[in-house]
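K.L.:
Found this in TrEMBL, in case it helps:
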- 9-121: domain 'Acyl-CoA dehydrogenase/oxidase N-terminal' (DOMAIN)
- 126-219: domain 'Acyl-CoA oxidase/dehydrogenase middle' (DOMAIN)
- 231-379: domain 'Acyl-CoA dehydrogenase/oxidase C-terminal' (DOMAIN)
Amino acid sequence: MPLGFDFDEEQELFRSSVAEFARKNLTKENIKKWDRDARFTKELYEKLAEIGLAGISIPPEYGGQGADSVTTGIAVEELSKVDFNVGNLLIIDNILSGGIIASYANEKLKSDILPKLCSGQIHLGIALTEPHTGSDAANISTLAKKHDGYYVLNGEKASISMVGVASYFTLFAKTAPELGSKGISAFLLPVDAEGVQPYYFDDLGYRPLRRGGLILKDVRLPEENLMGGENNGFKIVMQQFDYSKTLLALSCVGAALGALDDAVEYARNRKAFGQPILKFEGVQFRLVEHYTKLEAARLLCYRTLWLRDKGKRITKEAAMCKWWAPKLAVEAIHDALLTMGNPAYSTDFPQEKRLRDVIGIEIGDGTAEIQKIVVAREMFGREFIPYK
Ligand SMILES: Cc1cc2nc3c(=O)[nH]c(=O)nc-3n(C[C@H](O)[C@H](O)[C@H](O)COP(=O)(O)OP(=O)(O)OC[C@H]3O[C@@H](n4cnc5c(N)ncnc54)[C@H](O)[C@@H]3O)c2cc1C
């Protein structure tokens with residue numbers, strides 16, 4: 001099979017329409033306001049819905065675009081170049097939670113929830129992490145006990161995005177604690193269910209995606225809110241993470257490319273010692289090195305998405321993307337900030353915010369160390385991993 005590295009005409013047209021949307025709507029003023037207020041506006045949600053991005057990868061029968069992985073990646077990259085958080089909103093809504101609902105919820109829940117997501121009326125979140133369990137996700141302790149046609153949930157989810165934003169969470173709880181990761185199930189939790197108590201974090205970045213927690217006290221969920229059958233939750237979430245991790249990595253690449261482009265523009269015009277600073281090799285080389293590394297990471301991300309569209313397993317590739325791209329992005333944005341000198345140390349320029357936002361995804365959806373464990377497991381075999 002010939003190897004192709006070009007986007008086709010349709011993909012390029014789509015890329016320019018998303019870039020145009022981002023230029024027009026993700027203005028400096030808006031981005032600053034969303035960051036300061038730790039919330040997006042209804043107007044943004046409506047605009048994302050108008051151009052079909054709110055439900056980009058949700059199946060068309062529920063009002064979405066049914067976009068493939070590469071096309072979704074293009075949207076995420078272009079939005080993230082301008083505002084990382086808007087790119088990430090798409091990932092959480094469409095992939096991390098909407099994707100699970102579209103694949104595993106019953107028909108009634110799907111047709112109730114997904115059209116509202118696609119029209120920008122509601123948002124979704126995913127609740128796996130707990131106060132005492134992050135990387136070791138199989139070790140969650142939230143319990144779901146079946147009783148009288150209901151599941152009764154008790155426990156606490158912490159460090160989850162979209163608290164106060166999402167109307168529903170895809171939530172993971174133990175239905176058979178004695179089975180470890182094989183005893184976890186996925187549920188659809190309406191946040192207005194009785195017994196759900198939200199609380200909020202005041203974060204460094206990623207602010208409109210509002211991280212916080214949910215305390216669950218005797219929350220009764222009807223049986224039909226179980227998704228994908230009992231005890232299949234861990235498998236479901238790990239498969240979905242392969243997709244979300246790749247897109248998150250691509251969003252980091254997008255943010256870093258946006259930062260470098262801004263730095264180049266600045267360096268063309270800023271003079272020192274009578275010359276535009278872009279003439280100095282010390283400045284050029286720093287930028288060129290980051291562009292080179294980001295291009296390699298970008299190709300890895302798109303190839304991973306392309307493999308997914310071909311129906312291939314992408315666990316190894318997705319983990320490679322996720323350990324590497326956020327790290328490269330943080331380094332590139334840091335240098336882009338330094339290239340612009342003192343003004344970029346202020347909130348008047350977007351570099352400091354990009355840095356704050358992207359650092360979050362060095363942790364969120366799994367740290368670099370955990371991704372390297374996944375790559376090692378895939379490459380060397382489970383027998384060389386010291387964990388169950
Ligand atoms: C911005 C942001 C958004 C998030 N959004 C969500 C969300 O929407 N839903 C959700 O469920 N969760 C979310 N999370 C939580 C996130 O997935 C967890 O923070 C992540 O999995 C890491 O867990 P932890 O923070 O508890 O770190 P820990 O597990 O406590 O790890 C601490 C440190 O130890 C290292 N470490 C742990 N085990 C090993 C090991 N075996 N070998 C080497 N090093 C190790 C880790 O790499 C890390 O550096 C979010 C987090 C952030 C920062």
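Every residue, even glycine, has its Cβ placed from backbone N, Cα and C.
TrEMBL annotations: computationally assigned, not manually curated.
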K.L.:
Under the DSSP assignment, what numbers of helix, strand and coil residues are found in the domain 'Acyl-CoA oxidase/dehydrogenase middle' (126-219)?
P.N.:
13 helix, 47 strand, 34 coil
K.L.:
How does the domain 'Acyl-CoA dehydrogenase/oxidase N-terminal' (9-121) divide up by DSSP, counting helix, then strand, then coil residues?
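P.N.:
Reading the DSSP string over the domain 'Acyl-CoA dehydrogenase/oxidase N-terminal' (9-121) gives 86 helix, 0 strand, 27 coil.
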